[in-house]
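Read the structure below first, then the notes.
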Amino acid sequence: MNSRLIVTGTDTGIGKTVFSAALCHALGAAYWKPVQSGLEEETDSEIVARLAQASPQRILPEAWRLNTPASPHLSARLDGVEIRPEEMHIPATSLPLVIEGAGGLLVPLNDKTLFADLFAIWRIPAILCARAALGTINHTLLSLEAMRSRDIPVLGVAFIGEANEDTETTIAHLGRVKRLGRLPLLDDLSPEKLHHSFARNFHIDDFAGVAR
């Protein structure tokens, strides 16, 4: 069975999409963003296609494309629609698949359902992206508790940002979670530099053996 992985995060804007692009390139995976909020600027699917140097066939169409860059429940409301998670089915592909959530783990899809609730239904191993900056211990441990309370399989934590050895070690120990690696912030975010940085800081075997 083909590998499927979820990429989620402790917050919005922490680098999930850049990490997803690097992971897609490393695995030769397809990419799916179930909900895209905000269409005026480059979308996350377009960013991944560019940074992963992925063919159009590897970028699967979003289930929901919403105009306003906001939490999915609000963006949908402003568009006059309601996101129905029960109708959101994982697309079929012959490739490994990276699924990226929107915003943080507990972002609402509608008035009743959080993204984490959808992940709990899918039961696909999830990577939690976390900042390596001050405050991330609290955010990351809370996110891990939320995942485990829903029986979401946790593959590990991917840190993003400048090195903070004590913080990363503390989270791995107290959170009882695998420390997958750390993706540093790149001044020149080119596909080549991103691919090289990912290969230098992560072990592909930590991701390639996952199958559901």
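Just so it is clear, glycine is given a Cβ too, placed from its N, Cα and C backbone atoms.
The model shown is predicted, which means the values in this text are computed figures rather than measured ones.
Swiss-Prot lists G13, I14, G15, K16, T17, V18, E100, G101, A102, G103, P184, L185, L186 with the feature ATP binding site. Positions annotated as Mg(2+) binding site by Swiss-Prot, on the basis of sequence analysis: T17, E100. Marked as active site by Swiss-Prot: K33. Swiss-Prot lists S37 with the feature substrate binding site.
A separation of roughly 13 Å, to the nearest angstrom, links the Cα atoms of G13 (ATP binding site) and S37 (substrate binding site). Here the Cβ of the residue listed as 'active site' has 27 other Cβ atoms within 10 Å, regardless of which shown protein chain they belong to. Most Cβ neighbours within 10 Å, among the binding-site residues G13, G15, P184: G15 holds that distinction in the structure as shown.
The 10 Å shell around the Cβ of L186 (ATP binding site) contains 12 further Cβ atoms across the protein chains shown. Candidate binding-site residues: T17, S37. Fewest other C-beta atoms within 10 angstroms, T17. The binding-site residues shown are G15, E100, P184; of these, the one with its CA atom nearest the CA of the residue listed as 'substrate binding site' is E100.
For E100 (ATP binding site), the same-chain residues 6+ apart in sequence whose C-beta sits under 8 angstroms from its C-beta are I6, V7, T8, K16, T17, S20, Y31, W32, K33, D44, V48. Between the two most distant C-alpha atoms of the annotated ATP binders (G13, I14, G15, K16, T17, V18, E100, G101, A102, G103, P184, L185, L186) there are 22 Å. Its own atom aside, the Cβ of A102 (ATP binding site) has 25 Cβ atoms within 10 angstroms in the protein chains shown.
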